[in-house]
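Read the structure below first, then the notes.
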Amino acid sequence: MEINWKETDRVAVAVSGGVDSMVLLDKVRRSGHYKTLSILHVHHGLRAESDAEAAMIVEYCGQYELPFHMTRVPSDYFNPDRSIQNEARDFRYRFFDDMSLHFDCLLTAHHRDDQIETVLFRLFTGRSQLQPLGISQLDRGYPVYRPLLRDSKASLYHYAARHQVPFMEDTSNEKSDYTRNAIRHQLIPVINQIEGLSATHLNDLADWQSEVLAIIKEQADRILAVFNEQRSYNRQLFNTLNPVVKRQVLMSLIENHAASHAEVSRHYLDEIIRVISTDKAQASYPLTDELQLEAAYDQLYLVDSLDQLNELMITRPGQFEFNGFMIQLTAPITDIIRVRVFEPGDYIIINQQHQKLSRIFINKKIPRFLRERMPVVTVNEEVIAVGNLKKNHHPFNQHLHIKFKGAE
């Protein structure tokens with residue numbers, strides 16, 4: 001068992017009643033390496049043995065005077081159209097989150113065989129490019145440790161027998177009707193039967209890949225810091241990055257802004273990267289429902305997908321927001337100012353010269369998303385100002401100030 005936590009920590013152990021979690025609990029209890037030790041159990045109600053498992057854990061906790069906390073999954077909780085495993089996991093972690101005020105770290109009983117199974121599953125389902133191959137440590141506002149990742153399933157059975165640790169078998173694990181169980185019971189034994197092969201080497205692969213991902217993430221985080229601060233990044237600099245760093249940047253942007261877990265294909269990320277690397281002046285890609293990436297001339301922009309105003313009437317001094325622009329009027333006016341978005345054919349007269357707004361946008365390399373949002377200020381249908389780009393000599397402009405709140 002690998003001890004990742006401090007002796008002064010309040011430790012909680014997630015216990016199902018199987019040999020894995022019961023052995024983990026017993027090892028932690030015997031170590032004494034904690035300030036307090038408590039047990040968290042979720043009664044899923046999916047199997048006939050669920051009541052007996054809960055009773056067994058209660059008896060163990062009573063024997064050693066350990067605090068026991070249990071919750072039950074409502075009978076109507078599971079959606080038949082969704083994965084029971086995923087729904088059960090989500091429920092468990094919501095329970096753990098609710099209990100997190102009572103502990104400093106949570107321990108789960110994933111072991112070496114689980115690690116091997118996870119590596120194979122992610123390799124053969126194409127999920128190895130953008131996430132760790134193995135079971136990673138979690139941080140949900142509290143650390144989640146996996147102390148048994150170096151312990152084999154067989155060694156856990158051996159420990160339970162030697163120390164008379166009670167446990168109950170989960171009969172669903174003996175079935176091969178789930179992909180992971182098929183990997184566990186069919187694929188891994190075949191690998192281990194071939195001379196010179198051992199599935200345990202996959203643990204070394206997972207460790208190596210984890211170290212490589214840490215290096216990639218370190219580089220990507222530097223790019224993300226600029227993106228998050230400036231809401232933009234130099235397109236040419238982005239194109240000089242290694243492709244794996246580019247993918248990590250895009251994936252992190254999606255994960256950081258998605259309301260829930262987002263499944264994104266490598267093909268989609270590579271298509272974004274390909275277009276950014278071309279001489280195409282402008283392109284737009286949705287990253288989440290609330291965020292899109294805009295490639296415009298020599299810059300990349302992060303743009304919030306906000307509801308857009310098309311028109312605003314200003315009749316008094318004050319500050320007014322319009323599609324990410326702040327408009328300030330500092331003195332009373334004698335007419336109504338109408339602020340609207342760009343319309344084809346718009347022009348502004350400056351020094352008796354007609355200047356088309358479309359040409360101003362092109363000359364100043366204004367991104368398409370800004371053209372669609374930029375305030376066009378009019379008085380009696382005459383354009384007197386175009387965002388923070390152009391003003392004419394209309395007297396109202398002495399008291400009118402426009403600033404773009406986002407990246408410029």
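Using N, Cα and C of the backbone, Cβ positions are placed for all residues, glycine too.
Database features (TrEMBL):
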type	residues	note
BINDING	S16, G17, G18, V19, D20, S21	ATP binding site
DOMAIN	337-402	domain 'Lysidine-tRNA(Ile) synthetase C-terminal'
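Mean model confidence of the domain 'Lysidine-tRNA(Ile) synthetase C-terminal' (337-402) amounts to 92 (pLDDT, 0 to 100 scale).
Within the same chain, residues at least 6 positions away in sequence whose Cβ sits under 8 Å from that of G18 (ATP binding site) are A109, F167, M168, E169, D170. Proximity of S16 (ATP binding site) to non-local residues of its own chain (separation of 6 or more, Cβ distance below 8 Å) is seen for H41, V42, E53, A109, D170, given in sequence order. Around the Cβ of S21 (ATP binding site), the number of neighbouring Cβ atoms within 10 Å comes to 23. Sorting the domain 'Lysidine-tRNA(Ile) synthetase C-terminal' (337-402) by DSSP state (H, G, I as helix; E, B as strand; all else coil) yields 18 helix, 26 strand, 22 coil. Under DSSP, S16 (ATP binding site) is assigned to coil, being neither helix nor strand in the three-state scheme.
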